[in-house]
There are 2 protein chains.
Amino acid sequence: MKAAAACGPERAAEYVEMDEEHNVSQAEEMLMAFNMQSWKPWRRARSMVKESVQWVQATVSSVVGLHWLSYVALGVLTALLSFCMNLTVAKLLRAHQWLTSRLEGHALLQFLCWTLYPASLCALSSSFSHSICPYSAGSGIPEVRCMLAGVELPDYLSLSHLFAKLVGLTCSLAAGSTVFLGKVGPFVHLSTMLGAYLHRLCASAAGVKEGRPKQEMLVVAAAVGVASCFGAPISGVLFSMEVTGTHYALRDYYPSMLAAACGALAFRLLSVGSGEQETVQALFKTTYSTHLPFQPAEILAFAVLGMLCGALSRVYLLCHRWILQFTRTNAVLSKIIATEKALYSAGVVFLLASVTFPLSAGHFMAAKLSMNQLLSSLLEETQWYMVSQNATVPQGTGDSLWQAWNPSGTTIYATLGVFLFMKLWMLVLACTLPLPAGYFMPVFIYGAAVGRLMGEGLAHASTNGASSQGTARNINPGGYALAGAAAFSGAVTHTLSPALLALELTGQHTHAVPILLATLLANALARARHCPSFYDAIAIVKKLPHPTSLLRTCPKLLSVQLGQVVQVPTAVLESQEGATSVEKLLHSSTEMIFPVVDSHESGVLLGSVSRMQLEAFLHGRGERGLDKKLVDQCTFQPVKIQLSTEATIKQAYSVLGAVREQCLFVTERGRLVGVITWSEIKRIIEEFAKDTSKH
Amino acid sequence: MKAAAACGPERAAEYVEMDEEHNVSQAEEMLMAFNMQSWKPWRRARSMVKESVQWVQATVSSVVGLHWLSYVALGVLTALLSFCMNLTVAKLLRAHQWLTSRLEGHALLQFLCWTLYPASLCALSSSFSHSICPYSAGSGIPEVRCMLAGVELPDYLSLSHLFAKLVGLTCSLAAGSTVFLGKVGPFVHLSTMLGAYLHRLCASAAGVKEGRPKQEMLVVAAAVGVASCFGAPISGVLFSMEVTGTHYALRDYYPSMLAAACGALAFRLLSVGSGEQETVQALFKTTYSTHLPFQPAEILAFAVLGMLCGALSRVYLLCHRWILQFTRTNAVLSKIIATEKALYSAGVVFLLASVTFPLSAGHFMAAKLSMNQLLSSLLEETQWYMVSQNATVPQGTGDSLWQAWNPSGTTIYATLGVFLFMKLWMLVLACTLPLPAGYFMPVFIYGAAVGRLMGEGLAHASTNGASSQGTARNINPGGYALAGAAAFSGAVTHTLSPALLALELTGQHTHAVPILLATLLANALARARHCPSFYDAIAIVKKLPHPTSLLRTCPKLLSVQLGQVVQVPTAVLESQEGATSVEKLLHSSTEMIFPVVDSHESGVLLGSVSRMQLEAFLHGRGERGLDKKLVDQCTFQPVKIQLSTEATIKQAYSVLGAVREQCLFVTERGRLVGVITWSEIKRIIEEFAKDTSKH
């Protein structure tokens, strides 16, 4: 060691590494590499930097594990991404607004500006994202659900995908409330991609032996996605819990909460730093009167609202499923979408924008408001109808966002009605756009409008009933809007986390119980008779291997026994296998783990062997002779868990998820009859989906 | 059928049942029973009631499943129980208060009243509950955690236990803030007992075929326990999630949420109905100013508070573990606790009450306030020190609960300090009381006091610093108290749900992020170096089979391979087994499921057979001859999942939890080498605990 130190610090550092590795041949290679790299400049500076980085790494990881730091980093990075995207989108939206206001008086120019700006942005979004990564269109949550359930979809976690989605989403969002698309779905996907990247970094820094399972990072990342999009940590964690297959591993709970809290905190602190907010607060903060937020009897009205939202969600989901099928089966449309994505996007957005043009139907549906303004206005405590009828109250008091809902020549009931009717089909149409975009926020706002309509009606009715007693200000339509938003979005996605999200978004805890009640009832109606959720429908159409989705279309599948569906594995090794056949097998198969049986005839399972072991076996062949058998060279991994042919697919799925293995072996009295992997489950599911679509 | 109808409706109804069963011998038995019961009065009325009950049952269960109704019923019943208990306790507390106030001026009588009232109540509680059910002492959460993890502990779910715990807990709570005990732990246990009872009712009503797993009901009940104790549904669900072993089954999520929402709603509506509250609100509602709840820089202070609470929790947990060991190992004390429970309880409570007597040390620790008042006062927004120093502000304004913290002759810093110092050992001492009581609320209040002390200090310092600018009212000590409560209770129990509970209890969503941050940091400190949590420590001392607890004392246990610990099963059947040896086995063993091997020599596992099947086999022996073999009469259940001897205990535990089986078989190349059941896991754990305590 002392001799090494004499060669200078840079060599010493590398000698230390070698010392640790105790591998002479590798040390020689490194010395060669060192000599080859010696032309590089700043040798001393580089080695000092390297040493100090190593020192910092060692010091830090002796206090907290590297993976904890990666969770915190994930939270902060995602929040930063979210904040920057918000800033960019706001600038692009303001540019559009400024341009439209400058063209005041020139109706045609205004129309062109109103329609072509979002159309060109969406065309850009879809062509750009498609050219970088063909899979980047859509929300991404159906794919994230699959990955959280344990299926490997490496295409959906690449860095190029991250870039495509980031740029595409920014363009989609900048198209504004005309196209009516949201951010949260793609953001959850973005966050998982970032998480997967950080996980790779961590694994390479810490070495394989300390690596944590990637699954854990993905679950954490899903929570962070929601948390840093809305600054809502706990509902983020609940969301990630709800989308992870059948079992949630509790060891992911604390890391998720930590990362989500960091993400939410960073996101809100960035808002404070940029001067948007004075302190860390809810994103759509409401300040309802806390003295008597609602009468106990109003809980019934909230329950009715929940059921109404549940029923409406079924209509919406029906339309959504229909249009998904239609765009796939209609020959002309499917060809256009497949080949002319940019043109299709531009065309659809032009149509949507024409409808919402403020001098046409847009006048009656508050088209001038942005997505955030729509939500803020709907959540206001003011009783719109009362104030609009009451001429003595100056209409300009306070925030006048809601005035957009009360244009001259109509009432707010008519505007809300037109909004609900038009946005339904527009939303369904927007779902066919081949660009990265989220569908949660639009649904949330739609639900808020439903709740608002009901709340206004109730407030009106109660005033008419009790006008003599002067108790007109008792009913708060904003509370109904909040409950409606949570209930409708919960029903569409079949989740309960929107109830908590509504609370965290507004900081309005007074309405916690009625919101939860409405969301529960809406969910009950939406889930009845195995109706697939929004994400289920996409997963089914895209044929993603997501069992919960499949359960909706084919509930009997999960009780099918493995013996009926499992296929005899082709990539099986004998214990006496020689090097030639091992080499052939490695070339013909892409599996990572191979089962080993005592002989192909008896088929008794002895254990398994990994691709890495087999490669080492082939590598060692040259030195140690050609006639060596596998059994002499490799130690087989024992098979820890065996499934029998009588086990059901559901049990196989539960076990696969619980132990987080990539493959399980199916045996019958010790004989290997099949291998269950995620891709095998995908194959089985696809076969069944084919069968069900035939019948 | 028509002939049967002629015999009258009551017979017809029974004929219908028989018709469905298609079993002639049973029908004959029923006819005999009918003739025997014909002396019972009101035959017609009874049959009409029976028929209409059946009709209602059929109609209801065609709309919603019976189990959904049982979840709702569980929520409502638990809330009712909670409400009634609160009423009783409030009456008993008021009686004590009245008595003490009547004895004003007679110090000795007052002292006797102050000390003997709680002492006798606690003596009553421990003797009563012990005489009805010896296991009913303590919080019950450690046992509930075991049951949720899948272990069957039937003694802890009996109705007599329910009754003992109910009465005992009421008495313990009525002893008031002197003894400083809470309600939530035993209430979670009460709720699971009620749930298990409802599950039995449901199973008998719906028949075995439709029965849902009991596990599901227990998970739901744990959530309901917290929800109806505090009116906090979402944190109840999070709590039940955190205490269920390693994996949370997502199919329990929606039922838990539904039952918890019903429980919380019913609990709060009962408060409204009784006139306590005007509408459905948070239990300890706070109304902090929402404009600027805290400065962004204060987040650092919250983080420091979290770490302080984490460090304090380690001290508390150390004392707690020490006293648990001491009461078990000290010969005199353990004998007194074992034989003279009532005397011991009375003695300890007398000591505690003497210390808190308002004319002694109680004067300096706000002893006059009840538990609820303590919490409410600590959460107030008022800056106590500022107000107490400021003579111009009339001290009687508004709620004057906090005045108890500012007795004459001292400052609030001294009172809070005395409170924190005294309550620490009093709380640890109270944990040894052999009576049903919870330890969560005391810890929550203790944490609130820690936070309050820090908040007051900060407010004082910031005023001194900025007195020239007149920004004295910026810092809100109540927020610190809330964060401290969540952080300390979270650290002691190693859970994160207290963060959400603090929000739901107070409805104060403005402080969501700092509370979560403080709880996360406190948890990180408390969990470092495998320190056992409060419940873990109890589980270890009571030797409950809870693996997560065991992991704390002996982390290497879970990676032990099954081959090293599993025992050769004794209750094994051969396929050719005759009736005599089956009968012998049934008498000698208490297992419910028996493995079947082809012969005892080869030991190849063929399947399993249940006790019920074996009893039917023995029953059929008389008719069909003595020489029948098991293989001819019974169809063996196929073994769906096999573990190998190389699988670890952790994997066995994960699989057992994930598929919710009661037993798994361990095989080695098809030969049966062991059976893994929950009792087997308990045995292994106890052996290891013995080994670790030796070394």
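Using the three backbone atoms N, Cα and C, a Cβ is placed for every residue, glycine included.
Helix, strand and coil counts from DSSP across the domain 'CBS' (B:634-692) read 26 helix, 19 strand, 14 coil. Annotated domain 'CBS' per TrEMBL: B:634-692, in sequence order.
According to TrEMBL, the feature transmembrane segment maps to B:68-93 (among others).
Sequence annotations record features per position, and here TrEMBL assigns transmembrane segment to B:162-181 (among others). If you look at the transmembrane segment (B:162-181), the same-chain residues 6 or more away from its ends with a CB under 8 A from one of its CBs are 81, 85, 88-89, 92-93, 96, 114, 117-118, 121-122, 124-126, 128-130, 132-133, 136-137, 140, 187, 189-190, 193-194, 197, 349, 352-353, 356, 367, 369-371, 373-374, 423, 426-427, 430, 433, 435-439, 441-442, 445.
Away from its own ends, the transmembrane segment (B:218-241) comes close to residues 71, 74-75, 78-79, 81-82, 144, 147-148, 183-184, 187-192, 194-196, 248-249, 252-253, 255-257, 259-261, 263-264, 266-268, 282-283, 495-498, 500-501, 503-505 of its chain (Cβ-Cβ under 8 Å, at least six residues beyond either end). Annotated transmembrane segment per TrEMBL: B:218-241 (among others), in sequence order.
Per TrEMBL, the feature transmembrane segment maps to B:253-270 (among others). Counting same-chain residues at least six beyond the ends of the transmembrane segment (B:253-270), those with a Cβ under 8 angstroms from any Cβ of the stretch are 67-68, 71-72, 74-76, 78-80, 82-83, 216, 219-221, 223-224, 226-234, 236-237, 240, 277, 280-281.
According to TrEMBL, the feature transmembrane segment maps to B:299-323 (among others).
What TrEMBL lists as transmembrane segment is B:343-366 (among others). Remote same-chain residues near the transmembrane segment (B:343-366) are listed as 107, 110-111, 114-116, 118-120, 122-123, 125-127, 175, 177-180, 336-337, 374, 377, 404-405, 407, 410, 414-415, 418-419, 422-423, 426, 429-430, 432-435 (criterion: CB distance under 8 Å, separation of at least six residues from the stretch ends).
Annotation source TrEMBL lists transmembrane segment at B:424-446 (among others).
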Item to check | pLDDT averaged over the residues of the domain 'CBS' (B:634-692) | outcome: 76
